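For reference, TrEMBL has these:
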| type | residues | note |
| --- | --- | --- |
| DOMAIN | 45-150 | domain 'Thiamine pyrophosphate enzyme N-terminal TPP-binding' |
| DOMAIN | 242-361 | domain 'Thiamine pyrophosphate enzyme central' |
| DOMAIN | 452-577 | domain 'Thiamine pyrophosphate enzyme TPP-binding' |
| BINDING | Asp483, Asn510, Gly512 | Mg(2+) binding site |
Amino acid sequence: MDTSIGALSSCKPPCNDVGSPPNGAAAAIQGSAPAPAAVGSPDSTMGRHIARRLVQIGVTDVFSVPGDFNLTLLDHLIAEPGLNLVGCCNELNAGYAADGYARARGVGACVVTFTVGGLSVLNAIAGAYSENLPVVCIVGGPNSNDYGTNRVLHHTIGLPDFSQELRCFQTVTCFQAVVNNLEDAHELIDTAISTALKESKPVYISIGCNLPAIPHPTFSREPVPFALSPKLTNQMGLEAAVEAAAEFLNKAVKPVMVGGPKLRVAKACEAFVELVDACGCAVAVMPSAKGLVPEHHPHFLGTYWGAVSTAFCTEIVESADAYLFAGPIFNDYSSVGYSLLLKKEKAIILQPDRVVIGNGPAFGCVLMKDFLKALSKRVKRNTTAYENYHRIFVPEGHPLKCEPKEPLRVNVLFEHIQDMLSSESAVIAETGDSWFNCQKLKLPRGCGYEFQMQYGSIGWSVGATLGYAQAVPEKRVIACIGDGSFQVTAQDVSTMLRCGQNTIIFLINNGGYTIEVEIHDGPYNVIKNWNYTGLVEAIHNGEGKCWTAKVFYEEELIKAIKTATGPKKDCLCFIEVIVHKDDTSKELLEWGSRVSAANSRPPNPQ
């Protein structure tokens, strides 16, 4: 059965209101067939075709930076009634914004100019690739007449070779289309966009700068909705995998379930919860899967992150005699320097289309969602692991109370952020100590949560906050950003103001790259201190709704939060929090030392 990618409502995420690609069988666009555009009309052009395609798949905001090679294309995107062009301060942030947008809406898009723009956005596209996010990256390319002429163009490295940008994108996108004639433009564009949706990865489309405005017969109609053939499970493989997994789990004394980040791309969040409900096991998430499993679930343990896990979570997971990991990524960061105490023979590892049970057997062409649903009907109920957890669990204490005018501590800050969370909020956590502090937040039902752990690009959160907030305007985004990361991408606070967003940004000013300090310290980890509130006020410049505060003490923090959530709830609120340079979470201290040990392993003997 084909899956039609259609109305925006079909792209809402399936679990906990945290973004994921379009969920299963989306509804086709309804309504009477549009009247065909006259072949010579402005609506029968490639530029309008791209615009209509983006709207059709659920993109209503495109993040862009103008350049002479993409200006005509931007004219046609602006002319599309259902499309809003969001001008960003630089290409990197436009890519990060498309990343954040895709997390909330299921797909995102950005438009930049040839090479100088393309290579600038490349880092953000690589991050989206690592997180399995469908982002359509459109580049305004050279004039079609310049191909094959041996001419040297501006915005290049001075060689008559226009393929440098394409070669760079080949490793971080799942499809590349170079459109330099109108005859195959329709096919190339549609193939690229549909491939992004099918593979849940970014794609690259280069559009000759002289082509978007030229009418062509292939664009004379409204584009027919995509009909994507979904990946199918091998039924014999599914039955064999479920039988083997059920036998494996049913003979275990205290099995547990752990959700991983690939639950999102597998569209298997609901199926995973269905299995947890059926088996009664204790359930945890890997750090990069936070928000993909509802934390109000009665058997939820918290985050399994080895030595820096939520209290009592590691003990239950690693002492289990069987554990099912759904969509895990085991890298040096998620394994805390390869220090997890897991045994392969005890594990069922599910990938989006593959099941491996213990040391074998393995079953290919078995979709995670189908496997989880089928297994939930075969697994016996076993609550032993959760009962053990409940037996040993001791509630976490609260931070020591701050004395009047005592310098604010990070653990006190996050206790107050916890109180701000609701179903109408979403948290964006920047790379750094915010990873660890935000992991400890308990997400209410419906509260969104995003961070970029696999790629871990500092500065990601500014653009991602812009994109996420633009995609889900009904939620108030709370972004936790360190000063070092903020200095990389600070400019696009101005775009948030232009878009009228009411995000709350907590700028944690501790004087440097704290996460790097805890891995390996040196003078390079100290940065020039800025007057961050003064910077944001200068960016504001009296245009848009903005409010800033600089806090040193808990009393000031309480007052600032009360203002941000009360009289200034419709404003972009920027709260600079001054903390000691050595004030970090205990988890970062432990994690940093273990990652440092992994990084500094001596060469193996030759």
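Every residue gets a Cβ built from N, Cα and C, even glycine.
Remember, TrEMBL labels are computer predictions, not curated facts.
Positions of TrEMBL features highlighted on the structure.
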residue: Asp483; record: Mg(2+) binding site; CB count, 10 Å: 25
residue: Asn510; record: Mg(2+) binding site; CB count, 10 Å: 21
residue: Gly512; record: Mg(2+) binding site; CB count, 10 Å: 20
Three-state composition of the domain 'Thiamine pyrophosphate enzyme TPP-binding' (452-577), taking helix and strand from DSSP: 57 helix, 28 strand, 41 coil
Per-state residue totals over the domain 'Thiamine pyrophosphate enzyme N-terminal TPP-binding' (45-150) - DSSP helix, strand, coil: 50 helix, 22 strand, 34 coil
Any further residue of that chain within 8 Å (Cβ to the Cβ centroid of Asp483, Asn510, Gly512) of the recorded Mg(2+) site: Gly482, Gly484, Ile508, Asn509, Gly511, Tyr513, Thr514, Ile527, Lys581
Tally of residues which DSSP labels helix, strand or coil - the domain 'Thiamine pyrophosphate enzyme central' (242-361): 38 helix, 25 strand, 57 coil
